[in-house]
Amino acid sequence: MKDKYGREIDYLRISLTDRCNLRCIYCMEEDNNEFFEEEDKLTKDEILKIVSVSAKLGVKKIRLTGGEPLVRKDIIELMDEINNIEGIEGIYLTTNGILLSEKVEALKKAGLKGVNISLDSLKEKMFHDLTRLGDLKKVLSAIEKCLELGIKVKLNTVMIKSKNDDEILDFVNLTIKKNLDVRFIELMPIGVGGKFEGVSNEDILNLIRNNYKNIEEVNRSKDGGPASYVKLENAKGKIGFISAISNCFCEDCNRIRLTSEGFLKQCLHFNYGIDLRKLLRGGASENDILNVIKDNIYNKPEKHLFMKKSNDKELKFMNQIGG
Ligand code: SAM
Ligand code: SF4
């Protein structure tokens with residue numbers, strides 16, 4: 001269905017948990033992170049109910065995210081059951097890749113169409129420094145396994161000044177050798193993200209232009225999401241830019257978000273939305289839920305205001321919202 005600004009909202013991102021097996025420095029604190037209570041998280045059946053109602057309102061694409069979605073034990077059954085809901089055309093995953101190798105075959109059978117793997121460094125030490133807990137080899141082997149299985153891979157990369165920003169061209173070079181896209185995501189001042197200085201995508205693109213001759217602009221496809229893309233000559237994959245800060249893409253936004261404790265958010269930036277868990281557990285009928293989601297979609301805000309002060313700004317961390 002369309003919101004009041006005429007945008008077709010057909011994409012639901014679902015955070016399956018706020019827990020994670022990593023502690024990326026711009027996403028979570030090292031210790032003392034606050035987590036939702038287990039009983040406050042949506043169950044598999046509650047998630048399925050919300051997806052099925054959303055599908056009736058025109059949602060076609062689902063992304064499972066987190067926290068780290070692969071730490072949730074029922075993810076394979078959940079994906080399989082979402083895949084059987086009428087109207088759902090594609091299920092995707094955003095993951096840090098640590099547990100992906102061991103689960104990817106079962107996920108593919110359950111309907112996984114494509115995976116975004118977050119990877120901020122190709123150097124073991126820097127990868128460990130940025131994630132505090134990660135083992136780079138596991139992520140690299142997961143990438144290879146996905147490519148072998150023919151699952152579309154996009155790498156999500158956040159560049160931080162004086163940390164990993166000397167690796168920009170190493171990531172760019174991956175698109176020459178491997179059949180995957182690399183997308184540079186600008187650091188957002190959400191949660192602990194505000195403690196670091198990101199690299200703007202404009203600076204990244206300038207660096208690429210200064211180092212490569214033939215760079216092709218790739219037309220933005222309608223369902224291509226918030227990234228704009230370029231491609232190097234003879235490269236297998238594309239280079240994407242998600243520039244929430246320097247270039248707001250809100251006018252094409254097609255998504256709503258469900259947090260793991262059942263809060264339906266219209267926009268990443270704002271703290272408001274609706275508590276679907278309360279409604280579900282309070283005995284609301286399917287029709288009540290449908291009307292509430294319909295109203296929420298219709299009233300999606302026109303755009304984020306990350307760079308402005310506002311009282312309704314989201315104060316949660318990215319692992320709690322679902323990035
Ligand atoms: N754990 C999974 C992962 O890392 O892919 C899924 C959830 S994570 C919150 C999703 C994405 O959000 C990751 O690509 C991560 O780099 C990004 N992210 C987290 N905090 C961010 C921030 N402050 N600004 C921009 N991106 C952020
Ligand atoms: Fe975990 Fe993803 Fe946040 Fe890193 S970015 S701490 S992997 S939720």
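Cβ coordinates are placed from backbone N, Cα and C, and glycine is handled just like the others.
Here TrEMBL has ARG13, THR94, LYS154, ARG255, ILE256, ARG257 binding GTP, and the candidate from ARG63, ARG209, ARG220 in that same listed site is ARG63.
When the binding-site residues CYS20, CYS24, CYS250, ILE256 are screened for a Cα within 10 A of the Cα of GLY67 (S-adenosyl-L-methionine binding site), the ones that qualify are CYS20. For ligand 2, none of the binding-site residues lies close by, meaning a CB under 6 A from one of its atoms; the full candidate list was THR94, LYS154, CYS253, ILE256, CYS267.
The binding-site residues ARG63, SER118, CYS253, ILE256, CYS267 include none with a CA atom within 10 A of the CA of CYS20 ([4Fe-4S] cluster 1 binding site). In sequence order, the binding-site residues near ILE256 (GTP binding site) (Cα within 10 Å of its Cα) are CYS267, drawn from TYR26, CYS27, CYS250, CYS267.
For ligand 1, the neighbouring binding-site residues among TYR26, THR94, SER118, MET188, ARG257 are TYR26, THR94, SER118, MET188, by Cβ distance under 6 Å.
Of the candidate binding-site residues, ARG13, CYS24, ARG63, THR94, LYS154, the one lying closest to CYS253 ([4Fe-4S] cluster 2 binding site) when CA atoms are compared is ARG13.
Looking only at other Cβ atoms within 10 Å, the busiest spot among the binding-site residues MET188, CYS250, ILE256, CYS267 turns out to be ILE256.
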